[in-house]
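K.L.:
OK, TrEMBL features for this one:
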| type | residues | note |
| --- | --- | --- |
| DNA_BIND | 71-127 | DNA-binding region |
| DOMAIN | 69-126 | domain 'Homeobox' |
| DOMAIN | 129-331 | domain 'TLC' |
| REGION | 338-367 | region 'Disordered' |
| TRANSMEM | 37-54 | transmembrane segment |
| TRANSMEM | 138-158 | transmembrane segment |
| TRANSMEM | 178-197 | transmembrane segment |
| TRANSMEM | 262-281 | transmembrane segment |
| TRANSMEM | 301-323 | transmembrane segment |
Amino acid sequence: NSGTFYIYLCDYWLPPGVTWRDVEQLADSERARPRDLLIALPLALGFVALRYVFERFFAPPMGRCLGVKNRIQATAAPSPKLESFYTQRSRQPTQSEIVNLMSLCGKTQRQIETWFRLRRNQDRPCQTKKFGEAAWRFFFYITAFTAGLACLIDRPWFWDLRECWRKYPVQIMERAHYWYYMLELGFYGSLLLRISVDVKRKDFKEQVIHHLATIFLLSFSYCANYLRIGTLVMLLHDSSDILLESAKMFNYGTGWRRTCDTLFVVFTMVFLVTRLVIFPTKIIHTTLVLSMEDFKPFPGYYFFNVLLMVLQVLHIFWAGLILRMVYKFMKGKLEKDERSDEESDVEEEEDNNGRNVDQGGDHCWERSKDKLNSQRSMLTNNCVLNNLTNHRESVADKMRKAD
């Protein structure tokens with residue numbers, strides 16, 4: 001009974017008039033089987049281990065070659081009560097909570113605010129960590145894109161998208177395409193496993209949605225034997241991701257501003273063309289329109305296209321961030337990625353302006369008061385000199401008149 005139910009469930013996702021028994025005419029090594037997806041989990045764990053080795057032993061020397069350096073940051077003074085509040089309640093206390101902490105710790109409001117700002121900055125990811133993540137992704141994307149292009153460029157559906165649906169779903173699966181699918185699925189699974197410890201950026205929620213949609217899309221397209229269109233989607237995405245991660249790598253380095261700007265411009269053009277032009281007009285058009293030349297709508301058709309639409313919405317969201325970066329770039333104000341880590345730009349600017357403020361918080365006021373006293377003393381001296389000069393000129397005039 002369970003086997004009959006499984007076959008019925010598979011038939012539900014296939015076009016009308018086609019059953020899973022038709023697909024089973026192919027040899028086991030020539031067709032996609034849902035149980036093949038089980039290999040994705042050990043592959044994901046393998047990618048996590050491989051990434052650890054890469055970031056530990058290979059990324060640091062690469063970073064030194066590009067001049068990646070961690071910024072020296074002031075540390076918050078030890079305070080058990082504030083540390084307890086920071087770790088257990090909130091990293092950004094409200095005004096009423098600051099008042100309570102003032103009475104609890106015997107500190108001024110400015111001292112409390114300064115302590116929390118410095119403590120948050122201590123948790124900010126360092127440049128070497130960001131570089132390691134970007135280098136790992138660059139290494140995977142360029143490897144996957146090169147291998148994917150090599151196994152697809154001589155296939156008929158790479159040049160004629162109607163070939164994606166010819167004889168569907170009874171299409172022979174090549175081993176190269178099987179491993180292309182499994183490695184991509186394992187990689188995105190590893191990103192999802194590591195997302196809680198990776199650099200948390202402003203588009204964190206969108207990244208989670210993207211990873212989940214990608215995993216569902218890859219898994220469903222494999223089970224439904226949409227391998228041809230699926231391989232094209234993966235290749236299209238990897239093409240722009242290579243440029244993005246390489247631009248990040250040079251951005252974290254020192255003395256590579258022109259190279260970073262050049263890569264960013266090329267990435268912008270490739271992203272906008274592949275994600276906002278080719279993806280909707282070629283890929284989605286193929287799944288929505290061209291597939292209906294041979295079939296009538298069926299549940300798998302709707303589900304697959306909904307997942308592609310989710311990806312397209314994310315493309316539009318990221319295109320907005322990129323165009324915002326382009327606007328700042330044209331104005332000469334682009335200094336970091338719009339998707340940079342979660343702390344606000346205002347706080348980072350305060351950190352840059354407040355580097356010389358010590359943990360007590362009153363030192364800044366003392367320096368300002370000393371500076372004010374110095375300026376007042378200079379003004380007083382100038383007034384005395386002016387009075388002496390005027391008095392001397394007056395005496396000289398009287399002496400000339402007496403003569």
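Glycine is treated like the rest: Cβ placed from N, Cα and C.
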K.L.:
Below 8 Å between Cβ atoms, which of the listed ranges 138-158, 178-197, 262-281, 301-323 makes the most pairs with the transmembrane segment (37-54)?
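P.N.:
When the Cβ pairs under 8 Å are tallied, 178-197 comes out ahead.
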K.L.:
Determine how many residues of the domain 'Homeobox' (69-126) DSSP places in helix, in strand and in coil.
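P.N.:
Going by DSSP assignments, the domain 'Homeobox' (69-126) contains 35 helix, 0 strand, 23 coil.
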K.L.:
Short question: which residues 6 or more past the ends of the transmembrane segment (178-197) have a Cβ under 8 Å from it?
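P.N.:
Long-range Cβ neighbours of the transmembrane segment (178-197): 32, 36-37, 39-48, 51, 140, 144, 147-148, 151, 204, 207-208, 211-212, 214-215, 218-219, 222, 227, 230-231, 234.
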